[in-house]
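Just below is one structure, and these are the notes that go with it.
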Amino acid sequence: MNKLSVIQNTPLKHSSLCFRYGGKMRFRLFALFIIALSIFTVSVTQSHADTKPRALNRASLAMKAAKDGYVRVIVGFRSDSYSELIKASRSAKQDLRGTVKKRAAEKADAAVKAETERSRQNALSSIDSKDYIIKRAYDFTPEAAMEVSSEGLSELLNNPLVEYIIEDVPQKLPDTLSSPSAGVDSIGRIGADDAWTAGYTGAGQFVAIVDTGIRRTHEMFAGKNIVEACFSDNDCPDGSDEMYGTGAAAHYESSYTSYDHGSHVAGIAAGNSSSQKGVAKDADIIAIQVFSRFENESACTGGELPFEDCVLSWDSDQKAALEHIYDNLTNSYNIAAVNLSLGGGQYSAYCDNNDIIYRNHVNNLTGAGIAVAIASGNSGYCGYVSSPSCITNAITVGATDISDEEASFSNYLTGVLDVFAPGVNINSAVGSGDSNYETWNGTSMATPHVTGAFAVFKQKNDTLSVSQLETVMKDTRSAVSYGCASHGSEGRINVDSVINSITDGNDVTAPYNVTVSINSGNAYTNSRSVTVSINGADGSGINGYYVSENSTTPDVSAFSSTYATTSFMTNVSFTLSSGDGTKTVYAWLKDEAGNLSTVAADTIVLDTTAPYVMSISPANNSTGVAAGTDISVLFSESVLSSTLTLTNLSLVNQSTMTAVTNGDIAISGNTVTFDPAADLSAGTAYILSITAGIRDQAGNSLNPATQSYFVTQTSSIGGDGDDDNGTDDGGDDDNDSTDNGGSSGGGGGCSAGTEADYALIVLMLISGIILIRKKI
């Protein structure tokens, strides 16, 4: 195991660290004070050169390390290339539609991870591993959450590869007040219901609620896709400090204050029950639990006695949750916004330089197209907001009542606060039961109105940046009655006005120029196994196809996936339904945005039946056939002209065993006619052979092969009658040397002709019998 791995998996033994400072308590405390004082003195007198890390509250960190044996800190490491690499990662995540774009994003992410790991290892390589443990190492910011001893802190403060050191502190939820009043119609007040009427409900989008978890069985969340995770120092359901999957963000009925805060917030953003609906009623939810239990803790009461039990969230756990969203969830889910309702402090201006640890993550998410809505706080400040809502790229949200008056508890800072939303008398889900609701007040209730609104906006146009949508949101605001004397022109959100002001920028163009052909466009096939060729084009990229003999438009989930491309071509092996006849094959294409093409179709005739001869003219065993006759064959179906050769359709003079090779073949429907170039020989037997070489349009061979016989008529009396393509058969030309006395010569000729006919008939019958026996 390498050094870093040992460091990350070995608990820091606080007692052993304390043991170094002496055996007696008084001496040990004195020694700890001297060490802390020396660290503080060195830090004050050292040069402010760029190579020295920046640390907030150095003296406080040193005292805590000296007193407790360790202090929890978040350490930032120097990196020259991080800024450019994270810009590429953010840009790649803005549009993840398509395999190619997702792979590009994964490549950009891998480069960032490699750099943050390198910067961390380089900075810590010179520090004794006994003086620190890494609680959480971050991949998308060059930072780590650590526990360090006094010696470790001193080493970090003098390490030129360390950029900054900030204490890791637990943050509390803004004080949320239950209200005895009935819940108000905040959904109608901000025009969300009008946006629903226009068809925009947040469908297809996710909102991420980073809070105390969720009661997923509550009726407001029935039927929703809820993605869960937990990052908690001591309160993940399985006992670990991080957990993923169903049940990871589960909270339980508890006496701890605000244990079910996450369910109330999630319900406002995206809940949907018959009695209560959230802003994005059809959006899905990512619920991440980031709070830990604190018992009898001063931080629960702000240091005032008596101390109470509560839930607080470590900065390091919140950072882990925000990084999980950016790293693991953006590539799989359409995340419109992240909701944060926590923090503290009092800031009179943007706090990016003071709140570095949140700034990096907010900038990452915003750069990836995900809004981060953060509550301004419930301390009633005029001229101040809490952290992390003071980060420039955050959407800072204040609260109003149903009359658009600024809530008395809402923190306000002109120029930093971005928008108001209803936060008084807001009814939503609570954790005490699956159908239980309570009415609460707070900027925590106002913020999820904005979170849900971004899901509605993104449904209509997910190509607009967070900044662009924020501008439209501010331009369409409603006026607010301010409680603070000094104020700007910030107003209350109007969801429907934003929807009416932005164009539908989503990809609604289906794949086009879609064509389909079966077996390269052939009209017939004799096999059920065919090849279907599909072509098409699409601007965002075609990533799926569907082929069927059913013309019903398929569901998106039924499509076969393919590598996304804007110019698509594929060959698909397909099996036709059984039974001969005309078959129609339908094909659809799907693009990265889920748009389906119009159907394309092609037909082919499936013919698995062999052709056969139905009749022949002259008929089999015909005699006295005219020498100038045509041979006609009627097939059971049309046959391929290319197979009608004088080899596959042969006519043979049986006397000479020579084929008639000259003539024309004509096709009319299923009938084939052979017209010999010259008259056949008179008084001659012919054999017509039709072989299996003749095939039908589908390629099926003739079955069975067929033969037919006929005899031509003899020549006229006293005439030669022998034409047979110019061949002389030695017949009497009436110039005999013997004279039988006038007409007797003619009579003798007639008698001879009759004998020849009988002879030929006998010969034909004998030949036929022989051929049949041989099965020719």
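For all residues, glycine too, the Cβ spot is worked out from N, Cα and C.
Just so you know, TrEMBL annotations are computer predictions that nobody has curated.
Taken from TrEMBL as is:
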DOMAIN    202-477  domain 'Peptidase S8/S53'
ACT_SITE  Asp211  active site, charge relay system
ACT_SITE  His261  active site, charge relay system
ACT_SITE  Ser444  active site, charge relay system
DOMAIN    607-710  domain 'SbsA Ig-like'
REGION    713-749  region 'Disordered'
COMPBIAS  720-737  compositional bias 'Acidic residues'
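Everything TrEMBL records as a feature, shown here on the structure.
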residue	record	DSSP class
Asp211	active site, charge relay system	strand
His261	active site, charge relay system	helix
Ser444	active site, charge relay system	helix
Active-site residues listed as Asp211, His261, Ser444, least Cβ neighbours within 10 Å: His261
Structural state census, the domain 'SbsA Ig-like' (607-710) (DSSP three-state): 3 helix, 48 strand, 53 coil
May I ask for the distance between Asp211 (active site, charge relay system) and His261 (active site, charge relay system), taken between their Cα atoms and rounded to an integer number of Å? 7
Predicted model, mean pLDDT over the domain 'SbsA Ig-like' (607-710): 96
Inter-residue C-alpha distance, Ser444 (active site, charge relay system) and His261 (active site, charge relay system) (nearest angstrom): 9
